[in-house]
């Protein structure tokens, strides 16, 4: 964010102030500076939940279970199994981010539209923003959260930044559920993009208190465009990024609004100085607040109605999938989730699986016919 007029403190020259030498400037802060504790707590919670997820995942045991189901000798492919034991990662071809399996993420609360709409598990829209797909995923998100979130919490306090983070995350989950219904979704990216969006709206609504306005705006827009552009790569859920960004952008006009400096100067002026009365907020700030509030309420209401009506917006919009991935000669944009979706038929102990994404077929002979987790793992291996 750009430098505010007067910096963090404003000198006020007052003659005869008690406790201060005559003629010495007395400094006051126009806005309170907060000690940032909530953002670091969010980081700790995310890391702790990732460790718990890896404990539940227990890759060596799941690999052994799959081998037992199909009657094969277990030859574990878990990454760093000898060093990490049950905390070792799934095979690289299954999860290149160095993390757990999709089935474990589902157990822990990943966003799956069928579970939300048909299973009554709306809570997944909140829990998914605290889960991550792997070490690479959580490292990138938590580093971004520290760099962006601490600065915002210092400026606006833990209540507003906490609300902004959670609501932006839910907004990202909502748009992801509307457009990515064949996949599961995890990660704090929507919430992080909400923080970026709020920085932009905060700059716009508090425009008059900033110096170097155009420079600050240009730098911020470039950062946002670069981050959104990353979302066109495969296996990145850009719909969650866009949903979080829009939610945060609208919330910024509502909860990050600042009083104008003329109002603050009059409020902090000594009693002997009678400054002209000033309104706390400018007219354009109030207008932007009302517009943002209406759009935010309508957006969430319409989005939830469409979601629970069972509508898949990706089927209604022929070009919207390009917002999440643009195919090139170097990569394809086949849905990563459909890679773990299989058609199955079973006759006795014979299981036939067909990967819907690649049409690969394979027959397995099961020793245990009631091992759904292992069958899911077989499907993931087949589609890898």
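Note: Cβ is positioned from N, Cα and C throughout, glycine not excepted.
Over in TrEMBL, the protein carries these features:
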DOMAIN    120-256  domain 'Peptidase S54 rhomboid'
REGION    1-20  region 'Disordered'
TRANSMEM  34-56  transmembrane segment
TRANSMEM  129-150  transmembrane segment
TRANSMEM  162-180  transmembrane segment
TRANSMEM  186-207  transmembrane segment
TRANSMEM  214-233  transmembrane segment
TRANSMEM  239-257  transmembrane segment
TRANSMEM  286-308  transmembrane segment
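Of the ranges 34-56, 162-180, 186-207, 214-233, the one with the most Cβ pairs under 8 Å to the transmembrane segment (286-308) is 162-180.
Under 8 Å from some Cβ of the transmembrane segment (34-56) lie the Cβ atoms of residues 86-87, 89, 99-100, 104-105, 107-108, 130-132, 138, 141-142, 145-146, 149-150, 152-158, 161-162, 165, 188, all in the same chain and six or more residues away from its ends.
Listed as Cβ neighbours of the transmembrane segment (129-150) (distance under 8 Å, sequence separation of 6 or more from its ends, same chain) are residues 36, 39-40, 42-43, 45-47, 49-50, 53, 89, 95-100, 105, 108-110, 161, 165-166, 169-170, 172-173, 186-192, 195-196, 199.
Across the domain 'Peptidase S54 rhomboid' (120-256), DSSP helix (H, G, I), strand (E, B) and coil residues number 107 helix, 3 strand, 27 coil.
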